Amino acid sequence: MTKPPIGGNRTGRKLGQKVKKGKLKASSRRWLERHINDPYVQRAKLEGYRARAAFKLLEIDEKHNILKGARRIIDLGAAPGSWSQIAANVTGSTDSDIRVAAIDFLEMTQLPGVKILQLDFLDPQAPALLMEAVGGVPDVVISDMAAPTTGHQKTDHIRTMHLCEVAAYFAVEVLAEGGHFLAKTFQGGTEKDLLNMLKQNFKQVIHIKPASSRQESVEMFLLAKGFKGRRSGNALGHEVEDDGPMPHDPREDATADEDQD
């Protein structure tokens, strides 16, 4: 499902193209060449996804079965919207029955079946607005949030891990029992306190680096499966429609003991 085309792509464009020097800086030219020759970029265009990141989510789902049966999904750091496209398709979300809420401080072009909030997720109002937008208790919270890079690896790691941590605590506050949480992190280790919190609240916690992540990238994904539920209801303190526990996928049993952290 997520393997890139071999020896080219199905659009007829050959890979390995060079970009003329012109007025571009060497670093910009290298980035552009890498982008136009990336088979996942080509495939995203062919299959109608807004970004190559779609294949990261599809690849993770193919192995770990986190989307099947999901009735409502919240997408954090959603721009340009490829994960939201997948979420809308999985949930059957429509403009008349919204089941996907997406948030990003960057502007996003509208997507059918997706309620988009142009807002920083760290805004204190964001959690309540997301829950209002999604129309009920989500089965899955996905986050592709990353802080703007500074070029200093330790600083970038700390800033992105803060976003991951905030997203994780939000997921624990809002997820349906049996739900799943997926978030971007960086190589260099997830903070012990965050891992311990997730292990207390989910049945399985693993790190993943999908093949569709660029080889030179330090990004990884933190997946927490099987939310155990809250003892005292929704921690955000407002009424939402509860569809009950997320339907169990028997395929999860086959991977329950894999790659435990």
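Just so you know, glycine gets a Cβ as well, placed from its N, Cα and C.
Taken from Swiss-Prot, the feature S-adenosyl-L-methionine binding site applies to GLY81, TRP83, ASP104, ASP120, ASP144. DSSP assigns ASP144 (S-adenosyl-L-methionine binding site) to coil in the three-state reduction, outside any helix or strand.
Look at Swiss-Prot and you will find LYS184 tagged as active site, proton acceptor. Residues near LYS184 (active site, proton acceptor) in space but far in sequence (CB under 8 A, at least 6 apart, same chain), listed by position: GLY77, SER143, ASP144, MET145, ALA146, THR160, CYS164, GLU219, MET220, PHE221, LEU222.
Residues annotated as region 'Disordered' in Swiss-Prot: 233-261.
If you look up Swiss-Prot, you'll see 245-254 marked as compositional bias 'Basic and acidic residues'.
Remark: of the binding-site residues ASP104, ASP120, ASP144, the most isolated position is ASP120 (fewest other Cβ atoms within 10 Å of its Cβ). Counting other Cβ atoms within 10 Å of each Cβ, the binding-site residues GLY81, TRP83 show the lowest value at GLY81.
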